[in-house]
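Asker: Below you'll find the structure I mean.
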Amino acid sequence: MAFPKMRLMYVCLLVLGALCVYFSMYSLNLFKEQSFVYKKDGNFLKLPDTDCRQTPPFLVLLVTSSHRQLAERMAIRQTWGKERTVKGKQLKTFFLLGTTSSAAETKEVDQESQRHGDIIQKDFLDVYYNLTLKTMMGIEWVHRFCPQAAFVMKTDSDMFINVDYLTELLLKKNRTTRFFTGFLKLNEFPIRQPFSKWFVSKSEYPWDRYPPFCSGTGYVFSGDVASQVYNVSESVPYIKLEDVFVGLCLERLNIRLEELHSQPTFFPGGLRFSVCRFRRIVACHFIKPRTLLDYWQ
């Protein structure tokens, strides 16, 4: 009796193993399709209702978002992303989106864009592996439509940004050209495990180490850097990790990363909340919309 049971178990394990291999290869092929087939350029589908020539902003915040993150966008609009003046300096926030195959989501974003006038959109599928396209879209928008901005911050929808403290530090820093700061990553290596979210193949990036770059959760740069990165980007090998791609552009431009403050101010790994502590940080990751609204009170 033991032998038939063992044989049945062996057959089941073989079938299970074969299924795992099949679905793994399917996922990998899907990953490859999403990584490399979508458009890298194109016309803007949506542009924000703003004129930087008449009222040049001190700080433009570019927030990567997706169609389903309406709650996140609304929370940001009510908190740190609200257009206002800090220390006499004007701040403006815009949301970066791609396209979706959902007609309902497309219609909702169309209505949202008409209502708020703060969405930037191009014709590429809005998936994680197109984040470089999304970020470069925002940088292109600054280059073409808002080069008057003194500073630009690229960040994500699940972030707490202390725009008051950031403005204070930028004014103290007094660096208006070739400036780039954030959470510095100076000794990072490509992840070669195929099932990692951050997997990069040898064909996509053949080198064994990344150039210095800042965490994509939030980095800040002087307005002139937007045009420099945009202009050099066509000569830089494309990689789907947007923060690494921007780092490659900075390396080509010989722009060195700098610390914003002697103490840590960017927290891509999150941070336990306290009123006193959050008054002296710039960016904190993993913040849900309801939490953001509570923190802002």
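Using the three backbone atoms N, Cα and C, a Cβ is placed for every residue, glycine included.
So Swiss-Prot has the following annotated:
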| type | residues | note |
| --- | --- | --- |
| TOPO_DOM | 1-7 | topological domain 'Cytoplasmic' |
| TRANSMEM | 8-28 | transmembrane segment |
| TOPO_DOM | 29-297 | topological domain 'Lumenal' |
| CARBOHYD | ASN130 | N-linked glycosylation site |
| CARBOHYD | ASN174 | N-linked glycosylation site |
| CARBOHYD | ASN231 | N-linked glycosylation site |
Asker: Can you check which residue among the glycosylation sites ASN130, ASN174, ASN231 has the largest number of Cβ atoms within 10 Å of its own?
Answerer: ASN130
Asker: Which of the three DSSP-derived classes (helix, strand, coil) applies to ASN231 (N-linked glycosylation site)?
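Answerer: DSSP assigns ASN231 (N-linked glycosylation site) to helix.
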Asker: Round to a whole number and give the Cα-to-Cα distance in Å for the pair ASN130 (N-linked glycosylation site) and ASN231 (N-linked glycosylation site).
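Answerer: Just about 19 Å between their Cα atoms.
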Asker: Cα of ASN231 (N-linked glycosylation site) to Cα of ASN174 (N-linked glycosylation site): how many Å, rounded?
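Answerer: It is 25 Å, counting Cα to Cα.
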Asker: Over the topological domain 'Lumenal' (29-297), what is the model's mean pLDDT?
Answerer: 94
Asker: Which three-state DSSP class does ASN130 (N-linked glycosylation site) fall into?
Answerer: helix
